[in-house]
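Annotated features, as they stand in TrEMBL:
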- GLU336: active site (ACT_SITE)
- HIS423: active site, proton donor (ACT_SITE)
- 524-536: compositional bias 'Low complexity' (COMPBIAS)
- 548-593: domain 'Chitin-binding type-3' (DOMAIN)
- 522-559: region 'Disordered' (REGION)
- 1-20: signal peptide (SIGNAL)
Amino acid sequence: MKRTLAAVGAAVLVAGGITAGIAATASAKPSVPTRSAAIARADHSLAAHHAAIHASTADAFAVRRVVTDPTGATHVRYTRTYHGLPVYGGDFVVHNAPGGSYAGVDVAQHATIDVSTTAKIKAAAAARTARADHDGKVTSVSDPDLVVDATRSRPELAYDVVVRGFQADKQTPSREHVLVDANTGRTIRSWEEVETVTGTGHGLYVGTVDIDTTQSGSGYQLQDPAHGNGYTCDMHGSESGSCSIFTDSDNDWGNGSNSDRASAAVDAHFGAAKTFDFYKQTYGRNGIFGDGQGVPSKVHYGNGYVNAFWDGSSMTYGDGQNNQYPLIALDVAGHEMSHGVSQALADLGYSGDVGGINEANSDIFGTMVEFYANSPGDPGDYTIGEMISGNFGGRPLRYMYHPSLDGSSFDCWSSAVPQSDPHYSSGVGNHLFFLLAEGSGNTSYGNSPTCNNSTVTGIGRDKAANIWYHALDAYMVSTETYAQARQDTLKAATDLYGQCSAEYQATQSAWSAVSVTGNDQPCGGTPTASPTDTSSPTPPPGQGCGGVPAWDASTGYEPDDEVSYDGSLWKATWWSTGAAPGEAGSWAVWEKVGDC
């Protein structure tokens, strides 16, 4: 993909919050519910709060994942269909408190679906449009499938057409989804299922390491029984066809240089194992897909191919410019395989803000894998691809501590971010993570500025990664924006470390420092809504003021609805039911206007 210089703006993004109300949790610690009990809780809450997820009578829901916290709180993720058609952007998460009470939802969808399911254009016309829109070589076009695209403000009936072939560079495989409006025939949007990182190599990196292999007869195979039988194979410079697993007679692989094809395989095999170990040891996630299975690592792909990619089920690495700089560095392996994790957990999209969040997620965990591996040949840092930078004068591909140093990435959120290449809009998330982990100013890894001239004190990379992972696992949705990511990481910080803990406040500060601010729960020293005028009598909760109706727990509210509550006037900023204004977790859906 062509690298372009993107202007870095100073606009501020305010978190509006696609989050319905959160109720107070019980103080007693209950037993941890079973999966079926968690689903039963969520189904019960869902039946009572259909408005919160913008449900229509034609909607149907299916459980995709269940997350249970040690406290007993549960997070059940659902997919949605409309009259039997898949709904893109219809996913949501139902949260229940430890005692089982409803604790709100996170919703990708913006409005209730009310569309005809009869297309006005033929499927064949949609297929022709998708083929014409593809920039590279086309080898096949799928039969178009009718879907509902609910990723934007107004749901639309669309055809999803998958165009297979190669991207514009003529080497990177392509599985491009093209959504074609089923009524007008125009292209709504498209996204590439094969996710890549662009760079080049600089030798072979991990040095002498122990790797797990399998004995086969009198020889050995580069298949790893300790990590779900993931294996490493040789594409022999091809871009298609079979990939032959590496074999060896004495279980001594490679020689540390490109003269032995197995040297690159060692790096790839080691990176896959360390990524597997990192997720299992840190988060209890057994394999990329959580099923205990390893994934294939394919090396020596193409001729002079300067890329690496995750294709939804396996890793593939090119050998770099002149076949001298294989792209098999630790952070690259961790980055690409983490695309598989985000795919399995939240199914993050790849356009707008969420594309940048998707790429930032992979940079974050690619970096964490590098620190976890603790390899003397490739020690942990906050740059991406520094070991494969032979074609860039020794410069890394990305700098998490100061993203704009690469000439294209964003340090701060601006209105240009959602319109940009995800590899560059990822800068906002990367910068956030570095500030949260290490703080601002001069650090051991580089000087990290802030967008608001504030000073941020880091909480350490382990805590920062825990917050991000829990947000990904329990709260983020397929259409996540940076505004929502602020909210969701704050909810994760609350779950892990407590409301208004040092970790929570550091998360607030780090987001504000990259120009993503929000109406979240105020803490000491944090900007808050206007304080109550204590010189005036305060009506009890539920009592109205000035003719404005009192807030009611059973009423569904929409943006701009006004209510009175606890002596104050409030305006709704999002849809909610049961979210009392001013209470913990409700700041994202209510804005205080003033006092009665």
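In case you wondered, yes, glycine gets a Cβ from its N, Cα and C as well.
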| field | Fewest other Cβ within 10 angstroms of its own Cβ, chosen from the active-site residues GLU336, HIS423 | value | HIS423
| Between 0 and 100, where does the mean pLDDT of the domain 'Chitin-binding type-3' (548-593) sit? | 68
| query | At the level of the C-alpha atoms, what whole-angstrom distance separates the residue listed as 'active site, proton donor' and GLU336 (active site)? | reply | 13
